[in-house]
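A.B. asks: So TrEMBL says this about it:
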- His247: active site, proton acceptor (ACT_SITE)
- Gly16, Ala17, Thr18, Gly19, Asp20, Leu21, Ala22, Lys23, Arg50, Lys155: NADP(+) binding site (BINDING)
- His185, Lys189, Glu223, Asp242, Lys347, Lys352: substrate binding site (BINDING)
- 13-194: domain 'Glucose-6-phosphate dehydrogenase NAD-binding' (DOMAIN)
- 196-492: domain 'Glucose-6-phosphate dehydrogenase C-terminal' (DOMAIN)
Amino acid sequence: MNENKASHPTTIIIFGATGDLAKRKLFPAFYNLYIDGRMPKGFNILALGRADNTNEYFKNYIKENLENFSRKKITSEDWAGFQAHITYFQNQLDEESSYKNLHQKLEEFDKIYGTRGNRLFYLSIGPNFVSTISNHIKNTSLASDAKKDRIIIEKPFGHDKQSAMELNSLLAETFEEEQIYRIDHYLGKETVQNILAFRFGNSIFEPLWDHKHIESVQITVAEEVGVETRGAFYEQTGALKDMIQNHLLQILCMVAMEPPASLESGEIRDRKVDVLKSIRRISSDQVDHYAVRGQYGKGIVNGVEAKGYRQEDGIAEDSNTETFAAVKFYLDNERWQDVPFYVRTGKKMKEKHSYITIQFKPLPHSTFSESSQHLSANRLIINIQPLMDIRLQFMAKKPGLSLVLKPVEMIFDNFACQEDTPEAYETLLLDALLGDLTLFMRSDQVEEAWDVVKTIQEAWETTKDSSFPNYEAGSWGPKESIALVERQGHNWV
Ligand SMILES: NC(=O)c1ccc[n+]([C@@H]2O[C@H](COP(=O)([O-])OP(=O)(O)OC[C@H]3O[C@@H](n4cnc5c(N)ncnc54)[C@H](OP(=O)(O)O)[C@@H]3O)[C@@H](O)[C@H]2O)c1
């Protein structure tokens, strides 16, 4: 969404700079932006952590991680330039004196800049620390300039609607809404942004983009990995809160939104909120009809034996946490009346694959033989990852003497166009530096998204699923998820 324009001198203050996200995503993103000449002319990264590390030790640690996680190669020249902008800064999250020291440090940078620089606070830290940090920032006036200071908050943003509302109110005591960047890294992915370009940059599909022409929409985000080392975190979360409430609903918004009048961030975010508001709420007694949960047992993933969820580290032997969720949503608006939107996500699935399928309606009457009707076609597939392409599947004549149909594909391959695709975090961090909120979630978006899943969440948290584990690692999830779509004569693609 950003344009190539220089931004104001900026200090980036990373809380949790020694953590996993910082090493795998944030520093590589800043490094790549630096190489591309997209960082502000004057910038400093203040890396905050509890340990008494020296600058040299911390920079070596960052360099080692860049070797593993940076998109672009590390050269000694680029690294020498980049590392000069990093300062390790010891701080204790809950001690006011740490924030006073931080204040002094920021003023030192301002003297070097010759102006009051922008301040970008990145909370790369567990959600339980957000209120402590936000309160200290407020009490020590670290973010006193609403035009220049911004805060980035990682997911999860709350754990239900009520907690999200409380967090929004808390942040509102220190920051204006325009200063708050709630990140959902799915929205920074090239292929997800491309949905807007594809829908609103072409005249071919938009007239077909409604209930008169589309039979169903499917969104799948399948992961091959399990919970890895994050068992304790995942036990408190599950697939509905970890994936559907944020990533899948955000993708659904991109597919279903009305054309925005402009690319202005408020306009696009308004259209997305409209979609979330129009999603029909599932009543408590209908949860089992519209939603399916699953938990993986042992199985084979990619030819290798895999443990069941309950055998992973940090997981209770009788865990009730879902590692798979599928939901059928309806949107009550003119465009999408009666079109089912099926969304599903799971861990330890057969393969890693995120994609959207738009299934167009069959012709009311087919000229061709009945057998041709069963062939898969009239379908648009938008692959998000690891494939990054758009495929239009349609019917064509099978070469030969008889007039027989077969499904064929036209493919637009993002990789072929641009091999060196920026990572989602690069896009999002650049937007935050430039003050572009389009790809970040507004308070009402987050609250509406929690509202959409509220009854499902309540039902799943208060009732135990005695069928768990109910799908094998390395499969496509529980059989009930197949039944969810088959009831209406559909199939997961
Ligand atoms: N990792 C990912 O891939 C990922 C993806 C999406 C969202 N997120 C979100 O991003 C945030 C950061 O995730 P992460 O994986 O980087 O977390 P992490 O590695 O577990 O922790 C980040 C930092 O928090 C500090 N910390 C931990 N416990 C603390 C305590 N009791 N008191 C004070 N500081 C403490 C540690 O820094 P010091 O010990 O140096 O102070 C640690 O380096 C979380 O909100 C997470 O949900 C992460």
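One is the number of the first residue shown, and numbering goes on along the chain from there.
Cβ from N, Cα, C; glycine included.
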A.B. asks: For Gly16 (NADP(+) binding site), which residues in the same chain are close in space, meaning a Cβ under 8 Å from its Cβ, but six or more apart along the sequence?
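C.D. replies: Same-chain residues close to Gly16 (NADP(+) binding site) (Cβ under 8 Å, separated by 6 or more) are Ala22, Leu48, Gly49, Leu123, Ser124, Ile125, Gly126.
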A.B. asks: Would you report the average pLDDT that the model assigns to the domain 'Glucose-6-phosphate dehydrogenase NAD-binding' (13-194)?
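C.D. replies: For the domain 'Glucose-6-phosphate dehydrogenase NAD-binding' (13-194), the model's average pLDDT rounds to 95.
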A.B. asks: Including all protein chains displayed, how many Cβ atoms other than that of Lys352 (substrate binding site) lie within 10 Å of its Cβ?
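C.D. replies: Within a 10 Å radius of the Cβ of Lys352 (substrate binding site) lie 13 other Cβ atoms.
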A.B. asks: Neighbour count first, Cβ atoms within 10 Å, every protein chain included; then name which of Asp20, Glu223, Asp242 tops the list of binding-site residues.
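C.D. replies: Neighbour-count leader: Asp242.
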A.B. asks: For His185 (substrate binding site), which of the listed recorded positions (Thr18, Asp20, Arg50, His247) have their CA atom within 10 A of its CA?
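C.D. replies: Near His185 (substrate binding site) by Cα: His247.
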A.B. asks: Go through His185, His247, the listed recorded positions, and name the one with the sparsest Cβ surroundings, counting other Cβ atoms within 10 Å.
C.D. replies: His185
A.B. asks: Between the two most separated Cα atoms in His185, Lys189, Glu223, Asp242, Lys347, Lys352, the residues recorded as binding substrate, what distance in Å do you get?
C.D. replies: 20
A.B. asks: Filter the recorded positions Gly16, Thr18, Asp20, Arg50, Lys189, His247 down to those with CB closer than 6 A to an atom of ligand 1; keep them in sequence order.
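C.D. replies: Correct list: Gly16, Thr18, Asp20, Arg50.
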A.B. asks: Find the shortest Cα-Cα separation between Asp242 (substrate binding site) and the binding-site residues Thr18, Asp20, Arg50, and name the residue that gives it.
C.D. replies: Asp20
A.B. asks: Which residues in the same chain, at least 6 apart in sequence, have a Cβ under 8 Å from the Cβ of Lys347 (substrate binding site)?
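C.D. replies: Long-range Cβ contacts: Glu223, Val225, Gly226, Val227, Ala239, Tyr296, Tyr309, Thr323, Phe324.
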A.B. asks: If you count CB neighbours within 10 Å, which one among the binding-site residues Arg50, Lys189 has the smallest count?
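C.D. replies: Among the binding-site residues Arg50, Lys189, the lowest count of other Cβ atoms within 10 Å belongs to Arg50.
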A.B. asks: How many other Cβ atoms are found within 10 Å of the Cβ atom of Ala22 (NADP(+) binding site), counting all protein chains shown?
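C.D. replies: There are 24 such Cβ atoms around Ala22 (NADP(+) binding site).
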A.B. asks: At its widest, how many Å does the recorded NADP(+) site span between Cα atoms of Gly16, Ala17, Thr18, Gly19, Asp20, Leu21, Ala22, Lys23, Arg50, Lys155?
C.D. replies: 22
A.B. asks: How long is the line from the C-alpha of Lys189 (substrate binding site) to the C-alpha of His247 (active site, proton acceptor), rounded to the nearest angstrom?
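C.D. replies: For Lys189 (substrate binding site) versus His247 (active site, proton acceptor), the Cα atoms are 11 Å apart.
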A.B. asks: So if I measure Cβ to Cβ from Thr18 (NADP(+) binding site) and keep only same-chain residues at least 6 apart in sequence, which ones fall under 8 Å?
C.D. replies: Ala47, Gly49, Arg50, Ala51, Asn53, Phe58, Tyr61
A.B. asks: Round to a whole number and give the Cα-to-Cα distance in Å for the pair Asp20 (NADP(+) binding site) and the residue listed as 'active site, proton acceptor'.
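C.D. replies: Computed Cα spacing between Asp20 (NADP(+) binding site) and the residue listed as 'active site, proton acceptor' is 20 Å.
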